[in-house]
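Below is one structure, written out as C-alpha cells; comments come after it.
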Amino acid sequence: MQRSDPPRPLLEMRGISKTFPAVRALAGVSLTVHPGEVHSLMGENGAGKSTLMKILSGAYQADPGGEILIDGRPISIDGPLAARDAGVAVIYQELCLAPNLSVAENIHVGRELRRGNGRRGTIDRAAMARGCQDVLERLGADFGPNTLVGTLSIAEQQLVEIARAVHTRARILVMDEPTTPLSSRETDNLFRLIRQLRAEGLAIIYISHRMAEIYELSDRVSVLRDGAYVGTLERDALSAERLVGMMVGRDISGFYKKAHAPYDPGNLLLSVRDIADGARVRGCSLDLHAGEVLGIAGLVGAGRTELARLIFGAEPRVRGEVTLAGKAFAAHSPREAIDAGLVYLTEDRKRQGLFLDMSVRENINISVCGRDARLGALDLARGAQRARDAIAALSIRVPHANVNVGALSGGNQQKVLLSRLLETKPRVLILDEPTRGVDIGAKSEIYRIINELARAGVGVIVISSELPEIIGVADRVLVMREGRIAGELGGRTDAPITQEAIIALATGSRTEASAAH
C-alpha cells in the first residue's frame, strides 16, 4: 500500500529572531504547522513562545533575516490587520472583548456592516446579528448574537472569541493557556470544540503548561528554550520526561519525587475539628503533622479554598475548633494567623497576594518590615539583603530586586510571594494552587521548596486541581465533595493515592470514606 504524502504545511516560520534592548528574545526559531493539526508549543516562561506568537499576530515585527510563509508563499505581517487578512487569529489569556457591546458587535469589531454610504453609513446591527447566527449555532453556543458580552461567563466569552476567529475565516488559530480560567466541564467543552475545528481543517497552535492537556489534544509538540528552537515530537513519541527535559535542558526523572523523610504521626501540629462557615464548608476535620505534606483534592466548588481561608482566619467560621501546636487557635484575621506561625498562599496571586506596582524587594519584605525598624526608621540595607538572599534561595529570575513584580513571569511572581511567606518563619504553610500558571522549571523549584520545608519540620497543606501534582508531592490526600471531606487516601489507610480513587471520591461514585472525618 502506497503511503500518502503529508499535507503541505499551512504555516512555516523560518529563522525568526527578535531582539529587544539588551535582550535576545528569539534566535532563529522555526515552526511548521499543517492544516487540521493541533500543534502545541511548550517552553518555560521566557522561552519565547509569546514573542513568536506576537510576531505571527503582527503585534511585534521580527528582526530582518527570517520569513513567514502561508501555503508556501512568503507574506509580510506588519500589523494585526495584516495577520487577520492572512487568516491568523489569536485568543489570549486576557480576552479582548468589549463587555458593553453585544456578541454580534464583538464578532464584527473592525468589520462592522453599515447601511448606505460606506464607512459613513449607520451600523446595521440586525445584519450583523444575522451574519453571525450560523457561526454561533455551529459552535454550539447557547446564547444569541444580541446578548451583551458582559453578562456571559468566561467560558462563554472565550467562545465569542472563537466565533470571531471562525467568522473572519481564520485558518490558523492560536490559543494561549485557554483553560486557565475554566472549570473541568468547561474545559471538556472547549476540547470538543477544538477537535471540531481541527476536523474542519483549521491549524491550531496550542500553548499550555499542563501536560495532561498536551497529551489529550496534540498531534505534534514543539519546544522552545531560552529563545531557541529545541525540537518537535510526534504524538506517539510524547512523554513527560522527554518534554520537560527539552524544556529545562536537564534530567527531571525526580520531578515529583518526595525528598523528605516520612512524617511522625505522633507529632501533631495542626488539628481541625468540625469547622464550618455556614455555606460552602459543612463540617470538616483534618490533622496535619510536623514534616507532612497533606494534599487536598476535589472538584471546583467543593470548598477547598473556603476551608483553607477558614483555617487561616480570612473568613469567619460558625463552628469548629482549631488547635495549633497543642494550643487552641482562633485567628480573627490573617495577621493573627501569621503571627502564630500559620500562613496561606492564595490561589489568586495577582489580586490577593502581590502588590504588582511595587518592587520585588518591597513585596518580599512587606510582612516582616517591622523587624527592620530602628528608632522609627526602616533599615533599608537589611531589607535589601533579605531580598537578595530570597532571590538566590528560590532561584527567582530577575535582573535586580528593585524591578516591579508586575513585570515578572507567573512563575517568578509565585516565587516572590512564596518568599514573602517564608520570611515569616511559618510552622504551617497552606498552598492554594501553588503552581497554577507557572512553567515547568518554576514548578520544579516549588516542589523542591515544599520538600525542604517538610524536611525542616514544617507542616504543608497543598490544594491543587492537578492530580499528578497532588499524587506526586503529598504523603496523604483528603478529597472534598460538596463542602465535606469525602475520604482519605494514603497515610495510615490502605487506600493508595491514585487518580481513579481521587476522582471516585470527588464525584461521589465512591462514597465510602477511608477514614472518618
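The backbone N, Cα and C atoms fix where each Cβ goes, glycine too.
According to Swiss-Prot, the feature ATP binding site maps to G43, E44, N45, G46, A47, G48, K49, S50, an assignment based on sequence analysis. Around G48 (ATP binding site), the same-chain residues six or more apart in sequence whose CB sits under 8 Å from its CB are K18, A25, L26, V29, L224, D226, G227, A228, listed in sequence order.
Residues or ranges marked as domain 'ABC transporter 1' by Swiss-Prot on the basis of sequence analysis: 11-251. Within the model, the domain 'ABC transporter 1' (11-251) carries an average pLDDT of 88.
The domain 'ABC transporter 2' annotation in Swiss-Prot covers 263-507, and the record cites sequence analysis as its basis.
DSSP assigns S50 (ATP binding site) to a helix. Of the listed binding-site residues, namely G43, G46, the sparsest CB environment within 10 A is found at G46. Non-local neighbourhood of S50 (ATP binding site): D176, I207, each in the same chain, at least six residues away, with C-beta under 8 Å from its C-beta. In the shown protein chains, 24 other C-beta atoms lie within 10 A of the C-beta of K49 (ATP binding site).
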